[in-house]
Ligand SMILES: C[S@@+](CC[C@H](N)C(=O)[O-])C[C@H]1O[C@@H](n2cnc3c(N)ncnc32)[C@H](O)[C@@H]1O
């Protein structure tokens, strides 16, 4: 969809497709007036709102798939699954002059800001508003190959500085705001609704599983007690205070803000982050041509575990040990490009403290997805296996 002049302060940007999270076609917010970080009109350029993390290393890892000089295909396609403010996408478009980038983001404001920033690349950039587990559909429509594959996929997970800094989004425990935390504010359940309606056991599970919070039960119990007393928490700072009061005194003093893990857990639950990621990684791997590359930056251990397991599985033979010859279908289909997870160096950490938690992993496809597809995950986000039916129809774990 292209904006028509006068519908907001956006210059027209190209959108190959504009989808909601369920794949339905709907207009993007590209024509909405943009707001500054404090919620006023008067746009702050996208480039100043978010500093891309490990940018040079990402480009270096992507280069062999994207640059014809390094053996990549001419007119290569990169899907940036987490477009954000378009920092990584812009650098890739500048570095690889033939490259086309399709950016995905579920946040309409990110699509709008990045679209404005990248409009100068014309047809070489397009954006799709959806969740990144639609990466395979996006790849098929962007691909010029019959098998629908692309050359590379980039994922820079989590929230952007725009989302963290913008008052009203409710992601940050540093400032008072309503408890929203949705990356796409056009639908879905807010953190407030979750806190108002979830049972105590469910709240404790969310805090324990997604926040790795030791005091999950205490915090959940206090949330529910406040609710029953007719004094539910209403804002981010009230939640911070509640957590502070609920945890033991020693935990208040150690390891930064004690509400950090609660905020992470609620954000992951509100946006179903791990479920979407588990669907997305095999789809991204199956959207790559042979030689195509996947680069993923994670910011917390749960998402890094999902990525690590999927890449390790693709890089190892699936035959039982001891077979004299590994059958073709059991041979690895990925080559790992990073040894373990790579972290930000001291200079980047000093310039951009938000790079501190990053863990970068990358892999290249060595066999076609048609021969060796990455299996769809059967694991739940908390690491347990999905219940599956045995042949007699009983559920087993
Ligand atoms: C860390 S930022 C990306 C920043 C970007 N690389 C840049 O340089 O500007 C992550 C972005 O991914 C988006 N995002 C997170 N989860 C998503 C999902 N499941 N589907 C689509 N977009 C998602 C967020 O809305 C956010 O804009």
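For all residues, glycine too, the Cβ spot is worked out from N, Cα and C.
Just so you know, TrEMBL annotations never went through curation; they're auto-generated.
Within the set 294-345, 346-397, the record from TrEMBL flags 346-397 under the feature region 'Disordered'. Range annotated as region 'Disordered' by TrEMBL, chosen from 1-42, 43-84: 1-42. Residue environment of residue 163 (S-adenosyl-L-methionine binding site) contains 23 other Cβ atoms, counted within 10 Å of its Cβ in all protein chains. Beyond the compositional bias 'Low complexity' (356-375), the same-chain residues lying 6 or more positions past its ends with a Cβ under 8 Å from any Cβ of the stretch are 53-54, 57-58, 61, 64-65, 147, 149, 281-282, 285-300, 304, 307-308, 310-311, 313-315, 328-329, 331-338, 341-344, 349. Counting every protein chain shown, the number of other Cβ atoms lying within 10 Å of the Cβ of residue 87 (S-adenosyl-L-methionine binding site) is 23. Here the compositional bias 'Low complexity' (356-375) is broken down by DSSP into helix, strand and coil counts: 0 helix, 7 strand, 13 coil.
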